[in-house]
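Student: The structure follows.
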Amino acid sequence: MIPPWPVVHAAVFALAALQALASDTFIAAVYEHAVILPRAAQETVSPEDALALMNKNMDILEGAIKEAAQQGAHIIVTPEDGIYGWVFTREAIYPYLEDIPDPEVNWIPCIDPTRFAPTPVLERLSCMARNNSIYVVANIGDKKSCNSSDPSCPSDGRYQYNTNVVFDSEGKLVARYHKYNLFRQETQFNYPKEPELVTFKTPFGKFGIFTCFDILFREPAVVLVSELQVDTVLFPTAWMNVLPFLTAVEFHSAWAMGMRVNLLSANTHNIRMSMTGSGLFTPGGAAAYYYNSKTEEGRLLVAELSARPRLSPTYPPAVNWSLYATSVKNFTEDITFLGAVRRDIFTFSELKHEDGNYTVCQKDLCCHLTYRMSNKSNDEIYVLGAFDGLHGSVIKYHWQVCTLLKCKSTDLSTCGQPVETAQTKFDMFSLSGTFGTNYVFPEVLYSDVQLAPGEFEVLPDGRLESKNTTSKPLLTATLFGRRYEKDLKHPLRN
């Protein structure tokens, strides 16, 4: 007797679910999107015109989602601002917003579109997920009405939030996150009253989600990983690259290694705004990444990742970031000088020889370097630098940074200025620091803003070391520490 089709379908689905549960890996995708922008973002348009623009961007995103699904991806992350763009006034962005319900309502917009109408963007995203049997992560805007009984209610009677949504492979809304750490230009949005700690479970691991600027702060980023123990972080971003330490692929890869978690980073692509750099980053480094500041093209990245990295036999051990540096004497007492990395005043020491040992200190931080250069260019200067203090003009947060970096020219006053190319390679380097934090992120950046996957390691005693001769000329090797407890109170959040 042949069982009826619904029974067969249910059995096949159950078997697939069990196989997914047993899997140690999953296939992830991120899409870097060259966003189609409104002609005049600060002018208010009709809801119809707003939807027309968003549909143009969603046409492109849908193509990427279909391609990712065809390559076997279980989940895809798309960028912050990827559906309507940026630089809006509060009034001008309003036609682009939808009222996004709490996921607890158990809603599949694709098959029940009128339940919370009008929500055409949510409906279309839900259908993209459902029709391609893939989890879809997107960034849109949420609006919530309020009234005078709420003392924080804005004068226009609504809250507006920069919002991530996640749809599962059936098209159900399973997560909604309101960005907590707004960048200073995001005046069109409101700050949530409290940080949201959004997680959800899948057959291929436990996921957390936050947005762009959030990654630099303890809440929600560190809490999701350290306390809620997520396996993978979903990270839509619109990241403007800033050398020498804050290019997207450089810092996001370092954050994944420092936090020992997967990070799926999807950036917007706009070379005029210095926006590029996406990747699938793991505790061991980049599985795949993309950085292109020359063309206007986006890119789909797909890679297989560990579903539960903490259970992997290759999971890196915990690091005591100050153990080595506090156990050794200062290598040298060389002449130091001050130099600016943007507004941060570093203490630098020039590496005057092709090999040696150096120590540079600032406040509570001493940075130690052992190195040996190869094919050193006569017109290139490298320095060891230390910074221990508050960073930022409006929003101030505490950094501790040890860095080996190339100066822009042979003029020492250029040390710390952005530079993208180098000629000098290093046969070896070992960098460490007396950090007062457990949150340190290791960065190695090669000429032309390229990562160095597999060519360096972090030892349990806090040393960042090259495994062998660097295969490409070196721009920077950096240990980037965050002392969250020393951050100043956010001046813009009510």
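Using the three backbone atoms N, Cα and C, a Cβ is placed for every residue, glycine included.
Grabbed the feature section from TrEMBL, which reads as follows:
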SIGNAL    1-22  signal peptide
DOMAIN    36-307  domain 'CN hydrolase'
ACT_SITE  Glu80  active site, proton acceptor
ACT_SITE  Lys179  active site, proton donor
ACT_SITE  Cys212  active site, nucleophile
Student: In sequence order, which residues at least six apart in the same chain have a CB under 8 Å from the CB of Glu80 (active site, proton acceptor)?
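Tutor: In sequence order, the residues whose Cβ lies under 8 Å from that of Glu80 (active site, proton acceptor) (at least 6 apart) are Asn139, Asn162, Asn164, Thr211, Cys212, Pro236, Thr237, Ala238, Ala266, Thr268.
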Student: Would you mind checking how many other C-beta atoms are within 10 angstroms of the C-beta on the residue listed as 'active site, nucleophile'?
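Tutor: For the residue listed as 'active site, nucleophile', the 10 Å Cβ neighbour count is 26.
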Student: Kindly state the mean pLDDT of the domain 'CN hydrolase' (36-307) in the predicted structure.
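Tutor: That region's mean pLDDT is 97.
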Student: Around the C-beta of the residue listed as 'active site, proton donor', how many further C-beta atoms are within 10 angstroms, looking at every protein chain?
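Tutor: Taking every protein chain into account, the count is 26.
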